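Q: Input: one structure, supplied below.
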Amino acid sequence: MTAAVFFGCAFIAFGPALALYVFTIATEPLRIIFLIAGAFFWLVSLLISSLVWFMARVIIDNKDGPTQKYLLIFGTFVSVYIQEMFRFAYYRLLKKASEGLKSINPGETAPSMRLLAYVSGLGFGIMSGVFSFVNTLSDSLGPGTVGIHGDSPQFFLYSAFMTLVIILLHVFWGIVFFDGCEKKKWGILLIVLLTHLLVSAQTFISSYYGINLASAFIILVLMGTWAFLAAGGSCRSLKLCLLCQDKDFLLYNQRSR
């Protein structure tokens, strides 16, 4: 039973991200490098936010329950803010690298910023999902474990779906964020930051897992639609994708008529 819970939750949380990696990134060495770099940037942001939280905890030096809760909220907000700052820093690094590649070799085709946004977002998401869920996932292997004592028996399942949402949201946030940077629409960056804060702070607002998960999925659908449009998607391109028909195939059919 515990093995089934472990593998089931693991595939729910990381299955889509693994599929995205295998089918869209694994065949391109350069994309793998950008993915690892994005994951590294997220790790550095986590390290800095952890140091800030630890310093705040040492300065306050109060172990009361309410104080610890406020420290946790403070740490969450600081972590989200630093993550988005590092997302912007990674964008600037990729932009400079792309411009440098064009100046050195004008004939070389640099990867598009939309592609880099997707790859970096997936790197952010995978690393975020691993750090947020791996401890919970390891607890599911405990002898006779169905849930955590005093909590919902569906805790592991909710956590798996929430990890899935966070990973995909990081992909969508990355695409929308880079698009806002490219167009110099700084309000878009603020929206990404606010939605990130909202999803991260849901557990402080409500203790009902079902409500938190439903609202997170709503944000996921909205951000996914926005990212699809920002990446140049349309109803026509979506239809062609679903029907497995590319542009050359359509032009050939039109010419034959």
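Cβ coordinates come from backbone N, Cα and C, glycine included.
What you are looking at is a predicted structure, and each value in this text was computed from that prediction instead of being measured.
Per Swiss-Prot, the features are:
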{"type": "TRANSMEM", "residues": "5-25", "note": "transmembrane segment"}
{"type": "TRANSMEM", "residues": "32-52", "note": "transmembrane segment"}
{"type": "TRANSMEM", "residues": "70-90", "note": "transmembrane segment"}
{"type": "TRANSMEM", "residues": "115-135", "note": "transmembrane segment"}
{"type": "TRANSMEM", "residues": "158-178", "note": "transmembrane segment"}
{"type": "TRANSMEM", "residues": "186-206", "note": "transmembrane segment"}
{"type": "TRANSMEM", "residues": "213-233", "note": "transmembrane segment"}
Q: Do the transmembrane segment (70-90) and the transmembrane segment (213-233) come close, with at least three CB pairs under 8 A (pairs 6 or more apart in sequence)?
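A: They do not touch: fewer than three Cβ pairs between the two stretches lie under 8 Å.
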Q: For the transmembrane segment (186-206), could you work out the same-chain residues 6 or more beyond its ends whose Cβ comes under 8 Å from its Cβ atoms?
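A: Result: 69, 72-73, 76-77, 79-81, 83-84, 88, 165-166, 169, 173, 176-177, 179-180, 212, 215-216, 219, 223.
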